[in-house]
Amino acid sequence: MGYSGVATFCRVKSAFSSNEAALPVSAEEGFTGLLRNNTKEEAPAAVVAGLEDFGKDELLQIDNEGRCIITDHSLFILFNLYGPRAVSDDTERIQFKLKFYKILQRRWEHLLQQGRRILVVGDLNIAPAAIDRCDAGPDFEKNEFRTWLRSMTVQAGGPFFDVFRALHPDRRDAYTCWPSNTGAEQFNFGSRIDHILSAGSCLHEDCDSPDRNFITCHVKECDIMTQYKRWKPGNTPRWKGGWSTKLEGSDHAPVYLSLMEITDIPLHDTPSSSARYFPMIRGLQQTLASLLMKRQMSEQVEVCEVPNSFSVHSSTMRSCSGSLKRSGDNCSIRDEHSEHFPRKVGPTSSRNLGPDFKKKTRKGQSSQLSLTSFFQKSPKCSIEVGNLGNELDDVSKEPSNSDKDSGSQEDDPMPSNSSQDEDELSVSCSSEKERNNTTLLQWQRIQQLMQNKIPMCKGHNEPCVSRIVKKAGPNFGRRFYTCARAEGPSSNPEANCGFFKWSGSKSKQK
């Protein structure tokens, strides 16, 4: 199943005592009647009329995936749908999808018998005809779901208009969805599976006239908003580094419908099932813009204030990921990655800073210098971040009582160790440079071996991309290579050439 869910947003002038048809008079979750209430009177959940032949368990199974919201706008009923997806070899999901549309069709038929008008919007996961698919084969339209959807249209004797096709009957390459894992948007290699359907008469009194219907009288325009595609002209081609750039947004393009000559309806309020009444939203989000607007998060930067009596070397500050802050006569040491209270340290007890101030920091050159070092215990660094005795020049101009009592020296806390530390620093830098050179050679060898193993595609003589089979079956987890270019029509030499090769096997052309 993966995940699914739908939402209907209504933009109105007033959410209460409104006569706008855009504000629904009632709303319903699902289309079986068994989920949350569908009226303001809090009517108990019950199977809706027309679905009595189905058992409650199978109806709940259909409605439990969050695939439908119905809003009654008085002049028409709006079905917001997300149709199930079912691949050819998944018999369980195929049966679920068949049952989903069978029950949905029964609900539509009952409403039409009552004289209601119906609008259906959403991703139905069905491309009805060959013109609606980039690579449709000769048997494309024989699929049972495509046959069913075409049977529901007026052209086949059904009650619904495919509004987009009614206005643009011959438009080709009009797609709303593209495979997200192949970069197919770049060459508009997709399918039209997002639809707007309408059924029922127009709103005029002489609606029985043969040349009058809902589309001719009330549809101003209907089209695909291709400007909201994730892939824009001029973007870096995916095979030239664009694969590392994540495309923001949906892999679908919106389809819109603009209506005209829609009359007002009696005064009414927002239905009780509206999200505006949810405790987590009520009083916080009152407009659609506030939901879609990115919140400006103001980052609080804590300024590091070093006391005047401190003269801290720059290398100490780079090694320290905490922050120093003057607090009266004490220095507060705060770990930016910890929620604990800051530690208080006296301004003259520089030697006590060492053990408390140690913090392991990520250093690209010393974390893992070689593959073999990954399996060895890491040696202790010769210079500790906490050894601030050599970094603090003059902790205090006046010695404290504790220093006087202990007889400590102000100018040089550890004079006997300074030359030894310099020798250790020289040895450490020399050995680290050698390790870096060794590491660089090792990684260059690995990269060269990997480069030699990656095959070149036959169509463009370019390095392939490596992929792993994630679909359950005999080849699950197996690695293969394919052309790195975006998927597109075979007639386009710039598109994917179809090269395919299993890892460790001879190459072959699709």
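Using N, Cα and C of the backbone, Cβ positions are placed for all residues, glycine too.
Per TrEMBL, the features are as follows:
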type     : residues                       : note
ACT_SITE : Asp123                         : active site, proton donor/acceptor
ACT_SITE : His252                         : active site, proton acceptor
BINDING  : Asp123, Asn125, Asp251, His252 : Mg(2+) binding site
COMPBIAS : 312-324                        : compositional bias 'Polar residues'
COMPBIAS : 326-342                        : compositional bias 'Basic and acidic residues'
COMPBIAS : 394-407                        : compositional bias 'Basic and acidic residues'
DOMAIN   : 457-506                        : domain 'GRF-type'
REGION   : 312-370                        : region 'Disordered'
REGION   : 386-433                        : region 'Disordered'
SITE     : Asn125                         : site 'Transition state stabilizer'
SITE     : Asp194                         : site 'Important for catalytic activity'
SITE     : His252                         : site 'Interaction with DNA substrate'
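Assigned with DSSP, the residues of the domain 'GRF-type' (457-506) fall into helix, strand and coil as follows: 0 helix, 13 strand, 37 coil. Geometry remark: His252 (active site, proton acceptor) versus Asp194 (site 'Important for catalytic activity'), CA distance 8 Å. Across the structure, the residue listed as 'active site, proton donor/acceptor' and Asp251 (Mg(2+) binding site) are spaced 12 Å apart at their Cα atoms.
Cα-Cα distance from Asn125 (Mg(2+) binding site) to Asp194 (site 'Important for catalytic activity'): 7 Å (rounded to the nearest whole number).
The average pLDDT computed over the domain 'GRF-type' (457-506) stands at 89. Cα separation, Asp251 (Mg(2+) binding site) to Asp194 (site 'Important for catalytic activity'), rounded: 12 Å. Annotation for the recorded positions Asp123, Asp194, Asp251: lowest Cβ count within 10 Å of the residue's own Cβ, Asp251. In sequence order, Thr176, Cys177, Ile193, Asp194, Ser250 are the residues of the same chain, not among Asp123, Asn125, Asp251, His252, whose CB sits within 8 A of the CB centroid for the Mg(2+) site.
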